[in-house]
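Peer 1: Have a look at this one.
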Amino acid sequence: MAGYFTAVRRVTANAAVTVLGQAARISVTLLALSGSIGNDPRDCLFAVLLCSLAADGFSCLLHVILCRIDGKRLGHSGERRSGIMKRILSVTVPVSVSSFLRSGLVAAEHILIPKGLVKSGAGYADAMAAYGVLGGMAMPIIMFPASFLYSFTGLLIPEFAEANGTGDMNTVRDTAEKTVKTVLYFSVGAAAVILGFSYDLGMAVYGSTYAGRCIRVLAPLIPVMYLDTAVDSALKGIGEQVYTMKVNIADAFISVIAVWLLVPLLGLDGYIAVIFISEIFNFALSIRRLSSVTGMRVGLIRTALFPLISSALSVGVSVFAVRRLLFIPAGTALSAVVGITLSAGLYGGMYFALKRINCLQPHSANAGFHRVR
């Protein structure tokens, strides 16, 4: 149902449901955990799961109500219902089966990781702690800037679908190129900022230098991860969702094998290597497919040259200013906030300045997007 509102460009409905759903999730979780559950971690975990289930049910109910209101407003006809349902099932059935298969492989991977860490010589408690720091502390920081891209990538699917449905391949190609360039500029900047202030983020958010080291190791992978999300959305918009699922299944299968082989030998470093292998493999196949289908021509290395140079300058100047001019201690929340804000401002300023004097081809995150309410 969320996909329906995205497809008809009613993003305000999705935004409202998301906000209300998250508010409900937070409220019921806090209420449950502050009640008489006790200190047993299993009881607390079960309560969190029940609260998440209740919040998802509430969000689903809101979507149902909004869909019914929209249906009454638009009216409907059953003349072509059977044909539409057949087309929908021809896509959803194979995608659903593939999704279940991939979920099973991902579950197997997560079961193998702590076992592999124990085999590498770590104690069980240390293995779970290291795995928790990487997956539960470092990854949320790595993926946080992507929240700004979710609305953008969500709108890619109907835009590509509309252009592809009318046979306007020039629009499909141009939108694909603008999408890749925009996400590349954003992701390289985000990677540089997180890399430059990884220690500050680890200490300010978690009070952990180890979390900061994990953030620093994963930061260079940010452009690949963000671009892969955008490219997958574009592929789904042009009817390549089955191919995307095949790639995801292959990715999950390779990850399971790599975890089984590398983690017992290399420990946490092996798991980090698996993350890099998985993300690069998935992105390489996806970008190749998008280029092949749309005729898109984007030189990633050449296009990345400006954001690499400008982000390095921005972060370098910001670190110097924070440490040498403002004398803000490292590892504090103030250092992270001031440094990240200054870096983002300098990076954005250089981008728009060069764009204004035509050193860059004009491309906007909103290029190709229209009639959004």
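Counting begins at 1 with the first residue displayed.
From the backbone N, Cα and C atoms, a Cβ is placed for every residue, glycine too.
Just so you know, TrEMBL annotations never went through curation; they're auto-generated.
Worth saying up front: this structure is predicted, and the values here are computed from it rather than measured.
I grabbed these lines from TrEMBL:
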- 12-33: transmembrane segment (TRANSMEM)
- 45-67: transmembrane segment (TRANSMEM)
- 88-108: transmembrane segment (TRANSMEM)
- 128-150: transmembrane segment (TRANSMEM)
- 183-205: transmembrane segment (TRANSMEM)
- 299-321: transmembrane segment (TRANSMEM)
- 333-354: transmembrane segment (TRANSMEM)
Peer 1: Which residues of the same chain, at least 6 past either end of the transmembrane segment (88-108), have a Cβ under 8 Å from a Cβ in it?
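Peer 2: For the transmembrane segment (88-108), the list is 241-242, 245-246, 248-249, 252-253, 255-256.
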Peer 1: Can you tell me which parts of the same chain pack against the transmembrane segment (183-205), counting only residues 6+ beyond its ends and a CB-CB cutoff under 8 A?
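Peer 2: Same-chain residues near the transmembrane segment (183-205) but 6 or more away: 137, 141-142, 145, 148-149, 152, 211-216, 219-223, 225-227, 230, 300, 303-304, 306-308, 310-312, 314-316, 318-319, 330-333, 335-336, 339-340, 343-344, 347, 351, 365.
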